[in-house]
């Protein structure tokens, strides 16, 4: 979803409070401001569904401090960042000779072997199984001895050499040599019960955002892993209908802890791989959590190897307002990992929860004696603090009414980070460098490189940060460049999307306006995607596109081609989004405003913002709609159920309808427990079902996939039942065997076509 936007402030006669430079007009309505004289075609629904216009990316893989791999025309090329020359690392003919289509590849750190991934089968958001072959780069042939089993869940090279660790059937195996047999590390794995080295559903989705729960030490001496026990976790069950020839549907069962339910338990172990041999038993040493979290339910939420014999674990209480970093050292004489209270660092939130979605990871100096971490300062903004490992207090090295998004690289002299400081725009991202011996010496490395085109960056650094790739995502066409850290010089353009630029000159594209409105004495950001040749003297239908979950951000300077592009370009609909209370990257005061009260302020603010939009003079207040997906579907439904009279219709896709139906980690982070002693009243007051009667005043389309493992079909089923019981006339659409993304090819086309028809009917469009 990529859109060529022109960012306009104050275009509509509204005072612009900050300056945003527009992207080149070539991306927009080049040639005329007269709609009647513009004969170019618009961006159509078919363009979106068929991806007629494709953005090019440049995904590189650093393998040293000056070299990276890049796949081009099925050749794997090795590039030298310093000189710009390249050589073929692996020919495309090698892939042809395999006899199967590969999904991915991974080169061993010593460059002797390459791992080919194929037979990819998706499981949940991050997890999948696959088959793997190992290719010997010296002999130029596949290794056929002691092959890795099919349906492997995860596999990873050691950081040096070519040892492999992998997970199969929820147990961990290590290969010291690719052609030798594997050594089994664990024996307790059991489907849906015990997970070794991979995450269960809730840890994958809400804690690690990953399937892997394996961590090699820097030199590959030790292998750390987590074990999750879901014995007491209740199962969610749903039917999977599969092919029509199946007489009885399959039943999918997933351990899924809902709010207030039994959670998985977690243990953490370290194995010394030097002791592995075919005839020896394997000893895994368990590191127990600190007593302050061990006293109750808790989560493992971060693992960082500091040195070869020092590891940092981060734990958090179930309430998620108290976390602790525990730094443990290896005692060679006993083979134990020793924790010390002096090396424990506590982080507490008194206004909400720790971190954004989880506590930030620590970034350690090379000697392992100190680290940098993003935490909230006294004013409630996320900034970088410098900790000594044996001291509890820290020194903030950044400050201001803006937030650090992430630490990108750390050297002996500098720390590189992404923030939204530039021009006070929460929806921007730029790369900064701070000098570690003088925190006042801060340089923005990206702010002035291409200010019209690029205001939203990410970065990828080489192994020791000698070089970095800058990835510009908007507001103009995406741009990928390579830079030297020593001079900050741009070495070369990797991808500029010039071909797409040329194609879009023949299309009438929308423009994008970012500005602020005032609610409750606070300035909040909104964006509007405006039709081509926008005329403020005319009246346009308005669609609010909402998410509004905790720490969300819908207003940004990212380039997208999306459903909204079609609606604005072809149907002349204004598509607006608004970040109100509860949204992220603007300080804890705004983000924590909805703490323990989901479904309140973030819903009210969408209604009030829309009221203000309707008074701007160019909105047809009789044709206002709202739509959202997931949390956005929840907010859409709560807004429509509020009976405000502002909205004519709305679409909710895969919505939450009752927080007691959603998973424990996410829900309890913001709502606490659904018990009388804790927060049961707010749980009960935040259901969509309780607002069913008010849906008689609006047109409502409810959509859900029957195989949604995340927001279960139960949520829409119970909401539908409540609407029927209230005598509400509404529309609904389900997608058989589709998960939360409803992303299979035909379902994707069907849902957006169906929503388009619904919206055009609501707005009385031809």
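Cβ coordinates are placed from backbone N, Cα and C, and glycine is handled just like the others.
Record check of 179, 393 in Swiss-Prot: the feature N-linked glycosylation site is attached to 179. Long-range C-beta contacts of residue 321 (N-linked glycosylation site), restricted to its own chain and to partners at least six residues apart, with a cutoff below 8 Å, comprise 348, 349, 350, 352, 353, 354. The two recorded residues, residue 762 (disulfide bond) and residue 630 (active site, charge relay system), show a Cα separation of 22 Å.
Proximity note: of the listed recorded positions (85, 150, 219, 229, 447), 447 have a CA within 10 Å of the CA of residue 454 (disulfide bond), given in sequence order. It is 50 Å from the Cα atom of residue 85 (N-linked glycosylation site) to that of residue 229 (N-linked glycosylation site). As a whole-number mean, the pLDDT of the topological domain 'Cytoplasmic' (1-6) in this prediction is 34. When the recorded positions 85, 92, 219, 229, 630 are compared by the number of other C-beta atoms lying within 10 angstroms of their own C-beta, 85 comes out lowest. Cα of residue 92 (N-linked glycosylation site) to Cα of residue 179 (N-linked glycosylation site): a span of 24 Å. In this view, the densest Cβ surroundings among the disulfide-bonded residues 394, 444, 447, 454 belong to 454, judged by other Cβ atoms lying within 10 Å. In the three-state DSSP scheme, residue 454 (disulfide bond) is classed as strand.
The DSSP secondary structure for residue 685 (N-linked glycosylation site) is helix.
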